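Trainee: Here it is, the structure, as structure tokens.
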Amino acid sequence: MSVRLFRYGILLVLGTFFLLPLFAMLEFSTRGGLEGGRDLSAWRAIGDDPQLVDAILTSLQLAVLTSVLMLVLLLPTMVWVHLRVPVLRRLVEFLCLLPLVIPAIVLVVGIAPLYSWVTYFLGDSSLTLTFVYVVLVLPYAFRALESGLSAMDLRTLSEAARSLGAGWGTVLLRVVLPGVRGAVLSAALLTVALVLGEFTLASLLNFPNLQVAVNLIGKRDAALSIAVSLAALLLAFGLLLALSIVGGRRRTSREVEPLAPTPAPATDGVRA
Amino acid sequence: MPFLLYVGVFLLYPTLVVVAGAFVDSEGVPTLDNVRTAATGPYLDAFVRSLQLSALTAVIGAVLGALLAWAVVTGRPDGALRRVVTSAAGVLAQFGGVTLAFAFLATVGFEGLVTVWLRDRGLDIFAGGAWIFELSGLALVYTYFQVPLMVIVFLPALDGLKPQWREAARSLGGTSWTYWRRVAGPVLAPAFLGSTLLLFANAFSAYATAAALVSQGAPIAPLQIRALQTSEVIIGQQNLGRALGLGMVLVVTGVMLLYALLQRRTTRWLR
């Protein structure tokens, strides 16, 4: 009984700690002007600020571009390594996890000279951030795809497809991709969430994305920045919640299948 | 193999620039001056403060996060509470930075909800100075993203505790305390320590929150790097920034190696 009380206590205290700032954002962004009261002017202003709209569009485009480039680059490589050159598996894993030990602020320092070349060749567009964002999401995307790939019988399926005359492109697009749909989706959603929240690289490479704009606007109009921040948080939360519901459904459907015997829950009665 | 080429250009080359740059002067002549400067005076102070901030928020985050994870895991495994908490934790832990800084400005900033509420009751939370823009403010906001990260990384470990262990302990006459002290505790210890290390690395690498909150001065290492990166005053400072970056990479690498070692121990029991 006291354990239960303790549990509710924790949920209450930490729940308050986490919800209070979110509620405060809602409160702050709906404050009326000098006369007090509530209004939605800060929320309405989101669409009226061209700088902000541009930044939002930039971030959304970056999210899509990064997801696509990440998949195009990573998925064939990982399939190829799984099937053909397992020797390289360790190397690819190492490279993919390497960004975890290189803080973004340090990556900026190293990549700034490179970006003067990138902008020289490709023009001074914020969308060039895609290149470094792919590096940033590598560890997360790798883990998601790796769990998807090892959950399917890649070798048998691809050999079956090959023996029926399929080329590698067909194998990749019509056998592997449908098989790792869930993993691809979760890798892409993680990428989207990460890109929408990214500040460090954009800010120090001088490309205005969503977070850079929010930070800048915050200096003159805090309510507007707070409104956008809350909207972005809720959007990311929605994305991840959708992911957990999709993922949860997949997991429960897979739990029915395993052939390995599960220990009989004979002692379950004791717990009650 | 386009992947290797890509990673070579956008990951390995920048890393090399940092590592090599730390050991040359602006003319490209090998020198230890950058490293020496980076390990003295304000740079060293910032580094130490970074370590302290990371350690403090890692420990607080680990303890609170573990408790929250426990509270969540004792509920139904596919319940709404768990789903909402893990999704929210994912957002708060990863989304980060600027957004969270603004969340706290709305709460305990000069015109924040809590500030105003307390001020109306005669309490000035800024009587001791504008702490929200200083290290203690950073610690508060960092905790806000450390706890959720702990929930994410510690939940699987708690899930790995088998109900049979508790039952075995009880049928041998052990109390709930014995179970936690002798069974669950030792099994979870490596996972807890490992998660704490991960939190440390996370806080140590964080930049956006501090950048958004602290606009003047550079109390922690990432902000020192910002100052060097954005100032155009002295040429050759660039390599000093690289030396600081190298220091950060070394710290994070060390921590992550320890984490990997603990992880190996963790998986012995929890799979």
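Counting begins at 1 with the first residue displayed.
Every residue gets a Cβ built from N, Cα and C, even glycine.
Curation does not apply to TrEMBL; its annotations are automatic.
Sequence annotations record features per position, and here TrEMBL assigns transmembrane segment to A:5-26, A:60-83, A:95-115, A:127-145, A:182-202, A:222-246. Sequence annotations record features per position, and here TrEMBL assigns domain 'ABC transmembrane type-1' to A:56-245.
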Trainee: Is the number of Cβ-Cβ pairs under 8 Å between the transmembrane segment (A:127-145) and the transmembrane segment (A:5-26) three or more, considering only pairs separated by 6 or more positions?
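Mentor: They are not in contact.
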Trainee: Within the same chain, where does the transmembrane segment (A:95-115) have neighbours whose Cβ lies under 8 angstroms from its own Cβ atoms, ignoring anything closer than 6 residues to its ends? I mean 6 or more beyond.
Mentor: 74, 128, 132, 135-136, 138-139, 141-142, 198, 200-201, 204-205
Trainee: For the transmembrane segment (A:5-26), give me same-chain residues lying six or more residues beyond its boundaries with a C-beta closer than 8 angstroms to one of its C-beta atoms, as numbers and ranges.
Mentor: 226-227, 229-230, 233
